[in-house]
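Before any comments, here is the structure.
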Amino acid sequence: MESEQLFHRGYYRNSYNSITSASSDEELLDGAGVIMDFQTSEDDNLLDGDTAVGTHYTMTNGGSINSSTHLLDLLDEPIPGVGTYDDFHTIDWVREKCKDRERHRRINSKKKESAWEMTKSLYDAWSGWLVVTLTGLASGALAGLIDIAADWMTDLKEGICLSALWYNHEQCCWGSNETTFEERDKCPQWKTWAELIIGQAEGPGSYIMNYIMYIFWALSFAFLAVSLVKVFAPYACGSGIPEIKTILSGFIIRGYLGKWTLMIKTVTLVLAVASGLSLGKEGPLVHVACCCGNIFSYLFPKYSTNEAKKREVLSAASAAGVSVAFGAPIGGVLFSLEEVSYYFPLKTLWRSFFAALVAAFVLRSINPFGNSRLVLFYVEYHTPWYLFELFPFILLGVFGGLWGAFFIRANIAWCRRRKSTKFGKYPVLEVIIVAAITAVIAFPNPYTRLNTSELIKELFTDCGPLESSSLCDYRNDMNASKIVDDIPDRPAGIGVYSAIWQLCLALIFKIIMTVFTFGIKVPSGLFIPSMAIGAIAGRIVGIAVEQLAYYHHDWFIFKEWCEVGADCITPGLYAMVGAAACLGGVTRMTVSLVVIVFELTGGLEYIVPLMAAVMTSKWVGDAFGREGIYEAHIRLNGYPFLDAKEEFTHTTLAADVMRPRRNDPPLAVLTQDNMTVDDIENMINETSYNGFPVIMSKESQRLVGFALRRDLTIAIESARKKQEGIVGSSRVCFAQHTPSLPAESPRPLKLRSILDMSPFTVTDHTPMEIVVDIFRKLGLRQCLVTHNGIVLGIITKKNILEHLEQLKQHVDPLTPPWHYHKKRYPPSYGPDGKPRPRFNNVQLNPIDEEREETEEEVHLLNSTTL
Amino acid sequence: MASLCGGLPRLGSVLSLSCLALSALVQLTDAAKNFEDVRCKCICPPYKENPGHIYNKNISQKDCDCLHVVDPMPVLGPDVEAYCLRCECKYEERSSVTIKVTIIIYLSILGLLLLYMVYLTLVEPILKRRLFGHSQLIQSDDDVGDHQPFANAHDVLARSRSRPNVLNKVEYAQQRWKLQVQEQRKSVFDRHVVLS
């Protein structure tokens, strides 16, 4: 009973089994102007001609019941494997949710029976919270490990702590009293490679030695990272967010969130960050957290057996990932809601919140940076901002939008090149070359030599009297009576000007390198390089505005609020706004991004500037192309992702999209009870469809249900193994009652338990906007198109995606298609007034559209149907 | 049901493991609160004729201010207050044990992975060559054009399935994993269907 309960009970209990009802159906159809011809055409190979047309069958409540009850008992237990999915397939959210509700009902009804059942139901109720707790703990701990190890390895490029090898530069000089005000990071314990190898700390010789060692370490880290990825877990490369988005929308990529991927991603992420490539660890941390979520969900049957429920855990896990990546728990929850999740009920919101909390707590208790913060570049400002400053903030927003648009175009073009040409065959070489170029160019410039997070920290930090970096080399007017917190605007010194030059060079370098880095076969995130670019631009603008205000404080825009000797411009704030704008331009996030950035700064008063910049950058970016970098990569890879944000504005009908098309072979259908096991196996072998509609009989093409290919294969295989008497010529029966069979015929195989008896159907005249909406909101996998209860065709998610792609390329959305102007014809007639061709009594679609999708975009779609 | 019963002990083991890890962490942090893991760092900017200076002291959080840390005081009497107002003192904590343990764990995992990688890519093909002779070598070279690790996973899989015992089970699991990785590698690096 159980397995049958999984599918929708009793919908078709009284199936139309009598010949009388079938004939009345036909009359009904004729009345509707449909001409039925019953001749089996020669290409009717699906049904294998040998089954007699119009078999007379009756309800079998009496005679053959004995044999069938025996079989029914065998089928009481669900066949293992039925209801699971193949690799690169789309899940059926509706079916998964039904399965879960059924399971829940079962546990609830048993609850009262015994204490043990009660415990089990409690365990079941709590398992959701338990799994997100474990996920949060694990992702916090892993983030701590990654942070500490990456810091250490980054500093390894430069030198080593002789007194304790496991300390990074900062930790090495932790207790040292030898540091001076000017050279804060020098201490005798920390040895650069030049000091160790050639024994001198200064001079051109040591510079060259350090240069060589820097390149050597960068190359070896990059090589190790890419070879580990290549040998153990190819899925560990890249940022992972496009794939996680796709997985959360209901796609299966086996092994993408597995143990090896987790381990290799964690290990190589450290190497990739340490190699000095222009990449960040934030995006991959989301992937790491999702791996944790997936692995822990295997401990709980509630989540391991149900793909839809597992995705709720993954949503929570991605929130935990961002929470630890940016130290922004609330921002993480919003990120999960805005950017990655597809199905996000309130329950998931709370669990995400909790997971983010746990993860942030764990990371905080590890305290990886020694600053009691979750991120390196945490800053605190207290200076107010003025209305005029919105203008440079919006300018930064424009810059961010332009950068985002440019980056997406350039990166996608480069990735397409990698995907389609021979150049993609050498991933290891590519990584090595990119790493070598990065290292060679990065070392001479102090701002690119730094770890990117450190660079962002330096750019965010405002110049107090305590700062010693050249960015803060202002000419002081030694007016020694002022208090620390309120430094007036000062004229820039020579150090600031040289720093600006270096920053300009760093900006160009970062822009170019990031385009070529994102997408190479090591774990690589995009957040940190984008933020760095924005922060550099913002800091330059900030210093410019500051100097403008200093030299022209009598201009009317400054006169009101910026008096001589007042501190009115904070360049660090500009850097922060610029970082947010650039990140917004690339990812097109808004709310979550602003929340993440203000959680970074702990200053609520900067929300308005941030909002203005992020909104501007989104507008500017959207003017050049509506999709963010993640959607662009999803489209590039051809993942079956139905974006909920896009609107469908076309006026096509379901009949225009459904398969089969006119020139295609007829729709492969199963009949309810007159096919043999061999017939079905032949059909499975000959076609590559992932599911077959089951109809009553060939004469009456009424829909009974839908059977999935995988379920059919598994069920037949297990029946051949376990049930005796199942041979190739056994009848397969999807109906509730087996038809009466000749006495000598083999025992029939009942497969009603794998039949989905409430498949989603639409009529052929349903507008596509509604169909697309149904697919998006319910997460359907396929949908059958019927006319008067007769199956005409099928629409799968893939078909819809192809259709969208086609419309995007060929049709102006505002021009209505042909059938808007012409007289409407009944579906059995084509637009030319002639009857449509028909095969196997299934109406086919006359629209002959050229299928010219770019090959790579449907590449995956072709291999992954449904 | 069976999976639930299977899930409970597994959950139990994971929970106990994480408890162990947690208690270890607590012990570590206790041990980490040792003397050299806290510091109070005062940065004092140049003042009058005194150059800027950084003071660093192991001191408890409540004593972390200029008056306790700056020693010897470079200025006298009335200037002390003015000098100290400019200094910024920050109390910082770290856990040296956590850092040490983390780096050691990380390096050992990395080392093991590297060893295994070297074994799989260099040593195993040589061993196989010795064991199975020349003919198979040619065959497997035909299979996969360039030199790929795990090239002969299919053969081993087929062989090990035939004689079931514990050792073979391990080998079987390993070969299955190898096949999966090979499949992943094909889809990422050769066919470019995912992650490009």
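Just so it is clear, glycine is given a Cβ too, placed from its N, Cα and C backbone atoms.
Residues of the same chain lying 6 or more positions beyond the ends of the transmembrane segment (A:126-150) and with a Cβ under 8 Å from any Cβ of it are 266, 269-270, 273-274, 281, 285, 288-289, 292-293, 296-297, 299-300, 302-303, 312-313, 316-317, 320-321, 324-325, 347, 351-352, 354-363, 366, 368-369. What TrEMBL records for A:126-150 (among others) is transmembrane segment.
Summarising the annotation, TrEMBL assigns transmembrane segment to A:214-236 (among others).
According to TrEMBL, the transmembrane segment annotation covers A:256-277 (among others).
According to TrEMBL, the transmembrane segment annotation covers A:284-301 (among others).
Here TrEMBL flags A:313-337 (among others) as transmembrane segment.
Here TrEMBL flags A:386-408 (among others) as transmembrane segment. Residues of the same chain lying 6 or more positions beyond the ends of the transmembrane segment (A:386-408) and with a Cβ under 8 Å from any Cβ of it are 511, 514-515, 530, 533-534, 537-538, 541-542, 545, 557-558, 561-562, 568-569, 574, 577-578, 580-588, 608-609, 612-625, 627-629, 632.
The transmembrane segment annotation in TrEMBL covers A:428-447 (among others). Outside the transmembrane segment (A:428-447) by six or more residues, the chain places 210-211, 214-215, 218-219, 221-223, 225-227, 230, 275-278, 418, 455, 458, 499, 502-503, 505-506, 509, 513, 516-517, 520-522, 536 with a CB less than 8 A from a CB of the stretch.
Counting residues 6+ beyond its ends, the transmembrane segment (A:499-520) has Cβ neighbours under 8 Å at 226, 237-239, 277-279, 403, 406-407, 410-411, 414-415, 418, 427, 430-431, 434, 437-438, 441-442, 445-448, 455, 469-471, 473, 526, 529-530, 532-533, 536-537, 539-540, 543, 629, 633 in the same chain. As annotated by TrEMBL, transmembrane segment applies to A:499-520 (among others).
Taken from TrEMBL, the feature transmembrane segment covers A:532-553 (among others). Sequence-distant contacts of the transmembrane segment (A:532-553) (same chain, at least 6 residues past either end, Cβ-Cβ under 8 Å): 389, 392, 395-396, 399-400, 403, 447, 452, 455-456, 459-460, 471, 489-492, 496, 500, 503-504, 506-507, 510-511, 514, 559, 562-564, 568-583.
What TrEMBL lists as transmembrane segment is A:573-598 (among others).
The domain 'CBS' feature in TrEMBL is assigned to A:658-722 (among others). Regional average pLDDT for the domain 'CBS' (A:658-722) in the model is 84.
Feature annotation from TrEMBL assigns domain 'CBS' to A:755-813 (among others).
TrEMBL lists A:819-866 with the feature region 'Disordered'.
Sequence annotations record features per position, and here TrEMBL assigns compositional bias 'Acidic residues' to A:847-856.
Counting same-chain residues at least six beyond the ends of the transmembrane segment (A:313-337), those with a Cβ under 8 angstroms from any Cβ of the stretch are 128, 131-132, 135-136, 139-140, 143, 244, 247-248, 257, 281-283, 285-290, 292-294, 296-297, 303, 343-344, 348-349, 351-360, 362-363, 373-375, 378, 527, 589, 591-593, 595-597, 599-600.
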